Amino acid sequence: MKKKSAAKKEEQHRPPPPEPYPWLVYSFGDNNKRQIFCSISNPNETRIRRIPALQNRYLWANCHGWCLYLGRDFCLILWNPVTMEEITLPCMPEVAIRDCILTSPPSEPGSKVILFFHRTNNILYCELGDEEWTELCYYDELKRTIKEVGLAEEQMVPTVLPNLLMSPVCCDGNLYAVWTPFGNYRDCCRKLVKIHEIHQDGLKIEPLNVFLRSARPKYVHLMESCGDLFTVEIQYKDESLTGVLAIGIHRLNFSNKEWVQVETAKDRAFFLPSDRVDQQAFSIPVIDPDVANRVYFTLHGDDIYKKLYSYNIEDGTISISSTFLNLPRLQRSCPVWIMPHLRLTNTPKEDEHKINTEDQESGKVYGRENDLKDMESTNDISALHFDMVKVIAERLILVDYLHFRATCKIFHSAAPPIQWRIAMEKVENPSLSSPWLVFFENESVCAFIDPKHGDKYIINLPQVLKGGIICGSKDGWLLIAVAEKSHFFLGEILTFFFNPFTQAILPLAENMDRALDFSCIGFSSSPLSSECVVVNLSKNESDAKFVVEYSSSLGQDLDVDLNHWHKNEFNDADFSFNYNSPIFYKGAFYCLGQKGNLGILKLNDDGENTWEVLTKPKPPCMSGYDQNYLVECDGELFSVFVGNMRKWVQVFKLNESKMTWIRVENLENHMFYLSCSSSFSVKAKTPGMENKIYFPIFCGQSMVFFSLETKKFHSFEGKDVNFYGSREKLRCGWIEPKWC
């Protein structure tokens, strides 16, 4: 019995057996004496431990299979979660440290721990075995670097704002860091540098002329993966970090010093720190295809981080990867990732799925064409005259036309690929049963999905729109923001209207010194109308001001330097935008805030624009919801609130005579299509689609809708859908196809 008790006690003082994936570790109890180890491969099993080395300590970094912990006594230790080995480092002075890194495994000669100061141009470093830290100031070296790259020395203002090195990362035996010349997170300032020759006499900084991609309010994580440098940019809904709008992954091409968008990563996974930028993100090779090709993270305040989210890099959807149901009630415990050092070998190659699409010119429709089988020998298709097949094809609506082409070789030959712009000439009735979900599948391709049938169609984007994002949709037009490649990091943004069906492009003004942080953007009418107005409303949560930018002039020449954006600032501490699209209603833009309150922006001809947050109507829902939307339907204003974890959906109609929201239980013959960039209503053309709300959410391959009749989420596969079995598409919208 004593041996069993001793063995059990020893087990409690060790981490669980190593796994090929990192543990998500929660600390709890008095002085964080206990730890809960959670596995992403088995979320229903949690292991409680009491590891002495981790008590009263804070995890700074995971490097080369070692964890760097800081104690309350300002003592640092290196701890190996597999061997339980501890290496005690010299006590450091009481200074604010932002980042730290272990340059190589402790067993290698010259291994160093480097600490980067939070507010001064200094680092501390020690080689393992040193009895004290060595402090270096790198300001003079940065000044030399500025002269080398030809920048103005005025960018360095040490008495006002420090010039910091931060986010260090080791890659292929080299040490890199991010230089912020103004000591903040301004997009135009974040540059990548290489650090070497660190010794007691100084260090050398090599400029790489590489900028970090970033956009407010976005966290950019720099990390190494299999000998390459990657950034993972995560854009939150607001500064509370409770929701995600977009995630982007880029790999640095060292040869041309450009960041390349990662469209798939089937042999690795990325792990982001919880709620903090001073902890390191990391990536590991992955064998399991259900784990690979994803970014893993938790969200602030989400049941005290009990849910693990994953972002699928290939299809651009976000879902709950794991829910740790067995966690005790935690007191604001922020989990950390701990990755044991395991040598993964023989990563299997993923099966390559061949897509049978033909090489078509830009702008042609690519149907989802299956392998064409020669069916002539098994049925009477060959008996049809070729001209008769062509006549049948010419009388099909667009979607059926594409299905027709995919049926067999004869039909495929008789029905040639069509251009969006001449679809009206090729088909008699281009009307569709519903709007389509639209998104950019990658930097060069625009994709559409029919929500009812699940059919997917793609077109190539014109060159000028490549790399853009969808900001709004109305009357068959997309509003697209594109960062000029040559000026991306100066924040110069170009905005365009784009009709993907006619390929028409209308440019708006350059939006100078603005990042891609559109929190509330929309336009009043078709851009072909002289009355069309575009508005972009954004707010810094740190103060009460928000900015309204609007443009009412459209340029016709892409080479003309346009400057038609106008700007107003308003003071308003009570209204926060909720990343939903404004509704142009009765001559004004209506916005629904995070608190459910209603704001109205009126743009007047005399330039005296007004902003008002209405005291009435009162918010119909006070709490318990994640997202809300405004919709115009038959000349009336509706609001839709979606409960936490999509537990409920409630619809309200504005009674303008009493200025109150009235609960709506039935949409009758209407359908609502909701997304962050576009929300509108249409009348149902197909029986069974009415009285439903459609979201950019998938269950399997089917799109998800909410039925006001059953008060539940369903898919077109006939399944009831819960929050845990669904995936939400990011950076998308709805569009009603129009060929004129």
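Cβ coordinates are placed from backbone N, Cα and C, and glycine is handled just like the others.
Per TrEMBL, the feature compositional bias 'Basic and acidic residues' maps to 7-16. According to TrEMBL, the feature domain 'KIB1-4 beta-propeller' maps to 45-307, 451-696. Per TrEMBL, the feature region 'Disordered' maps to 1-20.
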Across the domain 'KIB1-4 beta-propeller' (451-696) the predicted model averages a pLDDT of 83
How about long-range neighbours of the compositional bias 'Basic and acidic residues' (7-16): same chain, 6 or more residues beyond its ends, C-beta under 8 Å?
23, 37, 39, 47-52, 81-82, 84, 338, 340
So, by DSSP, how many helix, strand and coil residues make up the compositional bias 'Basic and acidic residues' (7-16)?
6 helix, 0 strand, 4 coil
